[in-house]
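These come from TrEMBL:
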DOMAIN    63-144  domain 'PA'
TRANSMEM  168-187  transmembrane segment
TRANSMEM  220-242  transmembrane segment
TRANSMEM  248-271  transmembrane segment
TRANSMEM  291-311  transmembrane segment
TRANSMEM  317-337  transmembrane segment
TRANSMEM  344-362  transmembrane segment
TRANSMEM  401-423  transmembrane segment
TRANSMEM  435-458  transmembrane segment
TRANSMEM  464-482  transmembrane segment
Amino acid sequence: FYFPFVVGVDENKTKPSFCRNQFQSVLVRNWVDGVEREYIEGLSGEFGSVLPIEEKKARRLPAVLSNPLNGCTLTSSKLSNSIALSARGDCEFMEKAQVSQSGDAAGLLVINDEEDIFEMMCSENAVNIMIPVVMIAASGGKQIKESIASKGKVELLLYAPISPIVDVSVVFLWMIAVGCVILASIWSEYIACERHGDPYQDSSIAGSAKDDSEKDVLDISVMGAVCFIIVASTFLVVLFFFMSSWFVWLLIIFFCIGGTQGMTACAIALISRVSRNCRNHTVKLPLFGDATVLSIVVFPLCLAFAIFWVVHRHASYSWFFQDFLGICLMINVLQLARLPNIKVAAVLLSCAFVYDIFWVFISPLLFHESVMVAVARGKNSGGESIPMVLRLPKLIDPWGGYNMVGFGDVIFPGLLISFAFRYDRANNKGFKDGYFLWLTIGYGFGLFLTYVGLYLMNGHGQPALLYLVPCTLGTFVVLGKVRGELRMLWDYEENASLSRPPGGA
């Protein structure tokens with residue numbers, strides 16, 4: 001957890017030895033009448049005793065409100081062997097701590113008047129404070145005060161656990177990301193059955209189906225790839241400067257629209273594979289024209305799924321619904337947008353490679369902080385988070401939270417891997433002499449390197465495409481060069497290849 005420095009320190013002034021220049025991220029567990037409530041995050045002061053790292057070494061103590069609440073004068077409350085709570089203001093933090101210490105309090109929680117937490121520094125007239133002093137946000141203090149006001153027995157436990165840099169849940173997140181890329185690549189072939197239909201199917205019907213499927217496919221061009229990265233960069237900067245709760249709500253709406261459309265398309269494809277006659281039943285709707293009965297039934301259910309996620313998006317189980325919508329959305333995107341050859345892939349992925357590195361590592365030189373990290377954390381978003389990520393709850397981190405992978409880290413390499421699968425199928429290549437298997441392995445290895453980099457960089461955000469692009473595009477180019485197929489892959493024409501008979505020139 002990172003708390004920004006908001007209080008200046010004169011480094012030339014010598015401080016007493018008990019002002020330790022060290023701050024701890026504190027986890028405040030709380031119970032009301034023996035029932036545990038949601039934990040509260042805090043930050044210890046530059047003064048006061050050091051809190052234990054392990055929970056078993058911390059003490060569970062009753063909470064008492066200072067009287068007066070500002071904690072600046074001798075309190076009339078019985079603080080002995082209790083954790084005192086005082087409001088911010090009217091005197092220095094060290095004075096509050098000194099008053100609580102003189103009342104035999106075992107600790108002090110300072111309630112901020114805003115929803116942020118900043119560092120409590122040693123004052124000029126510093127004294128030795130022997131009790132832990134922690135600041136919590138206004139919402140956390142309000143929660144505790146209301147519990148005390150309702151005559152409940154409130155108990156607190158303060159400790160400063162160290163968050164593991166890499167959590168076990170990254171293994172499952174890795175499996176989801178790799179599985180999503182594989183599923184999206186083989187979807188049209190084995191699920192939707194668009195490319196190779198039933199050999200006994202009437203040729204006119206097969207031709208019509210093929211035309212319908214190709215009608216909805218967008219082949220990305222070199223210019224389109226460059227323009228997309230420029231638009232993405234512009235949008236990222238807009239998010240950085242104008243991020244707010246209403247802006248995130250706009251993204252949530254777009255996500256729900258895309259997720260509902262993707263889920264509908266996936267559901268229809270799966271149902272149609274089981275019962276091919278489902279698509280033949282159509283009705284005419286006002287304003288919408290002809291629509292299949294299947295889509296009329298499936299769409300409202302998918303929309304209800306998305307609405308359920310929006311309503312419960314802050315619940316502990318909401319990640320499952322968000323991931324399901326996101327996977328369906330990405331599968332749909334990878335069916336609609338395709339790379340025609342390696343030339344376009346090289347331009348798109350190279351631009352994405354530079355984009356990721358610039359906005360994570362170089363942007364702090366221009367904007368004083370990493371634009372990508374600030375947007376990902378939902379800066380100024382009013383507690384809302386951007387939904388365009390796959391996320392899994394951390395399993396062993398005492399702070400909780402989520403491990404996340406952005407949609408772009410799946411879609412960009414997924415476009416290339418999907419192209420590799422189509423190329424292998426069109427040219428009758430097997431797994432060993434093809435490209436799909438090796439690019440999938442490269443993607444998995446690149447994602448693994450991302451987490452290794454996260455560990456080596458002590459948890460600092462890593463641009464995943466820094467590792468994924470060399471491990472996918474680089475693998476494709478090297479294999480193509482070794483096999484003598486790079487020139488053909490560079491200007492490959494997929495439609496022309498598909499029109500050739502198998503094994504023909």
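Each residue, glycine too, has its Cβ placed from N, Cα and C.
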Top partner of the transmembrane segment (168-187) among 220-242, 248-271, 317-337, 401-423, 435-458 - counted as Cβ pairs under 8 Å: 401-423
Proximity of the transmembrane segment (317-337) to the transmembrane segment (248-271), 3+ C-beta pairs under 8 angstroms: yes
Interface-richest range of 248-271, 291-311, 344-362, 401-423, 464-482 toward the transmembrane segment (220-242), CB pairs under 8 Å: 344-362
Among 248-271, 291-311, 344-362, 401-423, 435-458, stretch most in contact with the transmembrane segment (464-482) (C-beta, under 8 angstroms): 435-458
Intrachain residues whose Cβ lies under 8 Å of the transmembrane segment (344-362), provided they are six or more past its termini: 220-222, 225-226, 228-229, 232-233, 236, 370-373, 408, 412-413, 415-416, 419, 461-466, 469, 472-473, 476-477
Helix, strand and coil residues within the domain 'PA' (63-144) as assigned by DSSP: 17 helix, 17 strand, 48 coil
